[in-house]
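K.L.:
Below are the features I grabbed from Swiss-Prot:
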DOMAIN    58-313  domain 'Protein kinase'
BINDING   Ile64, Gly65, Ser66, Gly67, Phe68, Phe69, Ser70, Glu71, Val72, Lys87  ATP binding site
ACT_SITE  Asp176  active site, proton acceptor
MOD_RES   Ser219  phosphoserine
REGION    316-357  region 'Disordered'
COMPBIAS  316-327  compositional bias 'Basic and acidic residues'
MOD_RES   Ser369  phosphoserine
MOD_RES   Ser456  phosphoserine
MOD_RES   Ser460  phosphoserine
REGION    511-530  region 'Disordered'
Amino acid sequence: MDRSKRNSIAGFPPRVERLEEFEGGGGGDGNTVQVGRVSSSSYRAIISAFSRLTSLDDFTREKIGSGFFSEVFKVRHRASGQVMALKMNTLSSNRANLLKEMQLMNRLSHPNILRFMGVCVHQGQLHALTEYINSGNLEQLLDSDLYLPWTVRVKLAYDIAVGLSYLHFKGIFHRDLTSKNCLIKRDENGYSAVVADFGLAEKIPDASIGREKLAVVGSPFWMAPEVLRDEPYNEKADVFSYGIILCEIIARIQADPDYLPRTENFGLDYDAFQNMVGDCPSDFLQLTFNCCNMDPKLRPSFEEIGKTLKEIMSRLPEEELERDRKLQPTAKGPLEKVPGGKRLSSLDDKIPHKSPRPRRTIWLSRSQSDIFSHKPPRTVSVLDPYYQPRDGATHTPKVNPFSARQDLKGGKVKFFDLPSKSVISLVFDLDAPGPGSTTLADCQEPLAMSSRRWRSLPGSPEFLHQACPFMGCEESLSDGPPPRLSSLKYGVREIPPFRTSALSAASGHEAMDCSNPQEENGFGPRLKGTSLCTGAASEEMEVEEERPRRASVYFSISGISLQTQAKQDG
């Protein structure tokens, strides 16, 4: 599909390919924004507003998931037939995180990062439209009976690592990386993984300066021990979460400590887990243990993880052929019906008789060679100074540290906070990759968007909202930073795109007004003159542009009044 059409929605103006097309040339010194003709700016405001905003009634909907903060629908645009995913916020207190997530996703462009498509307006609230991923999430895939050879499992692990490496390169870390938030895409090339759900993302702390300690956020089973202990943490917390995901991939079990063995200090029980890995490649298991190290300083970076996984993938085909050759004479009887399948051996002595999750059959996923007690070729160890193994001689019972703390509610809870000023400003601070880089920005072309704020957005006719429990890119084309912005109640800033450049090239940061996030996202006092969105069929949407040269133009489209104010500075 033509990239220029991939994110466009029928009935709205097409995206422009370059900002210069409307500003009479590009460029900037990195500190100022060049301003073009008034008519160009006004036209760009229309494109920006109406190519990105849609009403809920513009789509047919099919619910595909729900969870703590949102409901997810597969939607099809009635006019164009374009299929997307709609993430509808169900918790008013999470509105600020949702707005931040949309802003952040709009600035990210990577094949393994969920692509942002636009915004849907319903009853005065904004809901994110993203690309539709057709095979659910990683947890669902691992819970299925599908045969997943090690080549597929390592490839999925690699996709997640590369996506997180890109995110960390941008100065952001996820803070809620789970198997539920890793979506699975299946096409003619097989399976691939896409990282999603950036509502709790935060700016990576600068170790060189003292900073306020970050809040405890995330999903407990995947949270790093230092986060659970309310200690200072950084992007290496994502690496621990990733290590837990690798454990899920290797053994095809849940992250719940009733399945995945943990220690009393929230670490991974390496000794117990080694009995559950079957014929896992030893290098892959070693990497998993390194990621789960209790000491954040000893965990590898995602760049290092990606390199290691690439080496493992290059060796896997030969290793798997050799394993299959050795096992061929032994595979007999009913086992041949499900080679390498899931749930082939019961975990009688490892799993309690009463499962905390009765919806799942309690069986361990093993590859074919594991059925015949094939062990890894070498012993895997990890240098973890905080590891507290269970005493096997005394048959110490399985440990669930999440049940010992009342605030963790057995791990069946999710912690979140309001976005900080630093991460909101970071949405406008992301460095662009250098010229000639096509790998990271290959997933989509950017939309031309202006530096404006929206207020009193139009609502759509009422939709019967179902109550259910969760399921869980942009690069800029401009050379210079956008003007400083501000926002009013229910205000949402459009993210100006920036020019693609090399990863190693340093570029000037974009600045914004880091006003109180609670006020700007609807939690503070409403400023005088602002209008609340209550789902009216037609309300005024005002687009303001804070630039030296301004004009005043009014447009009325489908009962919605769009206003741009401007005047020429003397």
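Here the Cβ of each residue, glycine as well, is placed from N, Cα and C on the backbone.
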K.L.:
Take every residue in the domain 'Protein kinase' (58-313), average their pLDDT values, and give the whole-number result.
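P.N.:
PLDDT averaged over the stretch: 92.
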K.L.:
Show me the subset of Ile64, Ser66, Ser70, Val72, Asp176 whose Cα is within 10 Å of Ser219 (phosphoserine); these are the recorded positions I mean.
P.N.:
Asp176
K.L.:
Applying a 10 Å Cβ distance cut-off over all chains shown, what neighbour count does Ser66 (ATP binding site) have?
P.N.:
19
K.L.:
Ten-angstrom check, please: count other Cβ atoms within 10 Å of the Cβ of Ser70 (ATP binding site), all chains counted.
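P.N.:
A 10 Å sphere around the Cβ of Ser70 (ATP binding site) contains 24 other Cβ atoms.
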K.L.:
For Ser70 (ATP binding site) and Asp176 (active site, proton acceptor), determine the Cα separation and express it in whole Å.
P.N.:
15
K.L.:
Rank the binding-site residues Ile64, Val72 by how many other Cβ atoms lie within 10 Å of each Cβ and give me the one with the fewest.
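P.N.:
With the binding-site residues Ile64, Val72, fewest surrounding Cβ atoms within 10 Å: Ile64.
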K.L.:
Phe68 (ATP binding site) has how many other Cβ neighbours within 10 Å of its own Cβ?
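P.N.:
Other Cβ atoms within 10 Å of Phe68 (ATP binding site): 15.
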